[in-house]
Every structure is written in structure tokens, then in C-alpha cells.
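Engineer: Just passing along the structure, written as C-alpha cells.
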Amino acid sequence: MPINRIAIGTPGEASRPDAIRAAFAEFFSMVIFVFAGQGSGMAYGKLTGDGPATPAGLVAASLSHAFALFVAVSVGANVSGGHVNPAVTFGAFIGGNITLLRAILYWIAQLLGAVVACLLLKVSTGGMETAAFSLSYGVTPWNAVVFEIVMTFGLVYTVYATAVDPKKGDIGIIAPLAIGLIVGANILVGGAFDGASMNPAVSFGPAVVSWIWTNHWVYWVGPFIGAAIAAIVYDTIFIGSNGHEPLPSNDF
């Protein structure tokens with residue numbers, strides 16, 4: 001079970017050069033992701049005069065977040081693992097793939113990156129507000145929690161299958177693309193209901209800059225639960241001592 005591999009970390013680990021570099025990688029990847037993802041929504045709102053939400057707007061949000069996350073994960077992968085998401089980091093911690101001390105360092109970097117990206121957007125757009133995540137009419141907080149659990153489960157399961165699994169073989173090279181695509185697909189599913197965050201930092205940045213915290217807890221509880229379930233399920237079934245055998249590379 002992954003719970004047996006959970007580690008706090010060693011004294012001084014957070015100050016090691018490799019850990020500091022990894023934190024910077026997470027920070028800059030998050031700035032790239034949030035600036036492009038949140039910024040695309042602001043640009044769409046400006047072009048449409050902040051009119052009502054439309055299917056075209058949802059598709060645009062899906063594509064922009066998918067492309068931006070693909071890039072953000074790719075540029076950080078060789079330094080920090082390209083988590084770009086506190087929930088992904090939590091899933092890696094639950095699976096014993098990162099220590100708690102390094103996870104905390106990642107969380108700080110990710111949250112700061114999201115806030116900086118939103119501040120940059122506010123300044124560069126002449127004071128436009130970054131849109132805080134919110135629930136649509138008729139959607140209760142617990143509806144949204146379930147949405148976030150399921151969507152984040154799919155995301156972190158994809159991360160484990162394409163990036164964490166030591167038996168992933170050649171399919172590992174498509175990890176950033178697969179991660180971006182599952183986020184884009186989930187936005188098409190949940191965007192009209194709760195904004196489809198799957199990422200506490202993505203929700204935190206706009207909340208800080210706009211200072212709107214209504215139901216903000218939803219975007220932490222749901223993703224962290226979904227990430228933990230995905231990590232435990234994938235690690236227990238596929239990475240454990242009696243896990244699967246990798247397919248020959250020519251089968252991909």
C-alpha cells in the first residue's frame with residue numbers, strides 16, 4: 001500500500017539546491033498555465049462584452065487550458081516532475097513519490113505562481129478582474145465537491161499512468177499531452193457547473209486577487225480527495241509488488 005511509503009523528509013531537504021530549483025520550476029510553470037488559462041477567459045469576456053456564458057466560450061476555455069497545461073507540464077517535467085497542481089503533488093505524496101517537506105515547498109511555489117499570474121493579468125489588462133471560481137445556479141457545494149473529486153481522480157489517474165508508473169514504457173513521452181487533454185475534456189464536462197478547477201492553485205490565485213472566497217473550500221476538498229483516491233487506486237492495483245507487466249514498446 002502507498003501509505004507505507006509516505007515520508008516526512010529529512011532536515012534541510014527544503015533548502016537543497018535541487019529542491020529550490022524544483023520549486024522555481026513549479027512557480028514558473030504555474031505562472032505560464034494560469035496566465036494563459038485565466039487570461040484566455042478574460043480575453044473572451046472582453047471580445048463578447050462580458051455577455052452570458054456560451055458553448056463557444058466553454059470550448060475556448062477547454063482548449064486554452066489544455067494547451068497551456070501541456071506546455072506548463074512539459075517545461076517543468078525534467079526539473080520538478082511538472083506537477084503544476086497542488087492536488088497532483090498531494091497525490092504524489094500519498095503514493096510515496098515525494099516527501100511532505102518537498103510537497104509543502106511545491107505548494108508554496110504553486111500558490112505564489114497562481115497569485116502572481118493573476119496580478120500580472122490585472123495589471124496588463126488595465127484593471128480587469130480575474131474571475132473567481134463559482135457555482136452555477138442550481139449547483140450545491142456538495143454537487144461541486146463530487147464533480148471535483150471525479151474530475152481530479154481522472155486527472156491524477158492519468159498522471160500516474162503516463163508519468164509516475166515505473167512500467168509505463170515509451171508511453172511516458174506523451175504524459176504532458178495526455179494530462180492537458182484530460183483537463184480540457186473535464187472542463188467540457190464540469191465547466192458549466194462549477195468551473196472545473198481540479199487545481200486548488202488555479203482557484204486560489206483569482207480568489208486572492210478578486211478577494212471572492214464564496215465556496216472556495218470546494219476547490220480544495222474535492223481535488224485533494226480525488227487525488228488521494230487516484231493515487232491509492234493506481235498504486236495498489238498497478239504499481240504494487242504484484243503489479244502489471246509493461247507491454248512491448250512496439251504495441252503502442
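Cβ coordinates are placed from backbone N, Cα and C, and glycine is handled just like the others.
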Engineer: Decide, relying only on Swiss-Prot, whether T54 and K168 lie on the same side of the membrane.
Structural biologist: no
Engineer: For the feature transmembrane segment as recorded in Swiss-Prot, pick the matching range from 115-135, 199-219.
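Structural biologist: Per Swiss-Prot, the stretch marked transmembrane segment is 115-135.
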Engineer: Tell me whether the transmembrane segment (56-76) sits in contact with the transmembrane segment (171-191), defined here as at least 3 Cβ pairs under 8 Å among residues 6 or more apart in sequence.
Structural biologist: yes
Engineer: How about long-range neighbours of the topological domain 'Vacuolar' (192-219): same chain, 6 or more residues beyond its ends, C-beta under 8 Å?
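Structural biologist: Cβ under 8 Å, 6 or more out: 30, 33-34, 37-38, 53, 58, 84-87, 110-111, 113-119, 122, 129-136, 139, 141, 143-145, 147-148, 151-152, 155, 183, 186, 226.
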Engineer: So what pLDDT does the topological domain 'Cytoplasmic' (77-114) average out to?
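Structural biologist: Overall, the topological domain 'Cytoplasmic' (77-114) comes to a mean pLDDT of 96.
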Engineer: With Cβ-Cβ distances below 8 Å as the criterion, list the same-chain residues six or more beyond the ends of the transmembrane segment (220-240) that contact it, or say none.
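Structural biologist: Contacts of the transmembrane segment (220-240) (Cβ under 8 Å, skipping residues fewer than 6 from its ends): 1-3, 85-88, 90-92, 94-96, 144-157, 159-161, 164-167, 197-200, 203.
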